[in-house]
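Colleague: Sharing a structure with you now.
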Amino acid sequence: GSCFWVAVLDGNVVGIVAARGNEEDNTVELRRMSVDSNYRGKGIAKALGRKVLEFAMLNNYSSVVLGTTAVKMAAHKLYESLGFKHVGVVEHYALPGMTHSLLERMFFQLRYHRYRLQLREE
């Protein structure tokens, strides 16, 4: 129910993405998508995102979900261009491993955006 893809260009790893299936609600979570900053704007992230959508459809998942703390609008536009709908924001999100120390609370008051792409009705 899970996969990991690597984008390679001219022998160099330029991007990654993971997908984790959740049998309980029949969704796939798009996770850890990243493209080397030197290769952004070339369609690599879109190709990786489409790979996750293809995986979800081939394995009969009903939807794909993702969450992001990205502050750059380009990331949000990418998800929307793939068909994802913005479904909510969690204010003051804590990254995994954070201790909630005073210093972390001062510098890491993150907004966590949630997106969903419905592939089919259950």
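Note: Cβ is positioned from N, Cα and C throughout, glycine not excepted.
So TrEMBL lists the following for this protein:
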{"type": "DOMAIN", "residues": "1-109", "note": "domain 'N-acetyltransferase'"}
Colleague: Could you give the mean pLDDT over the domain 'N-acetyltransferase' (1-109), rounded to a whole number?
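Modeller: Its mean pLDDT is 90.
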Colleague: With DSSP as the yardstick, break the domain 'N-acetyltransferase' (1-109) down into helix, strand and coil residue counts.
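Modeller: DSSP composition of the domain 'N-acetyltransferase' (1-109): 33 helix, 43 strand, 33 coil.
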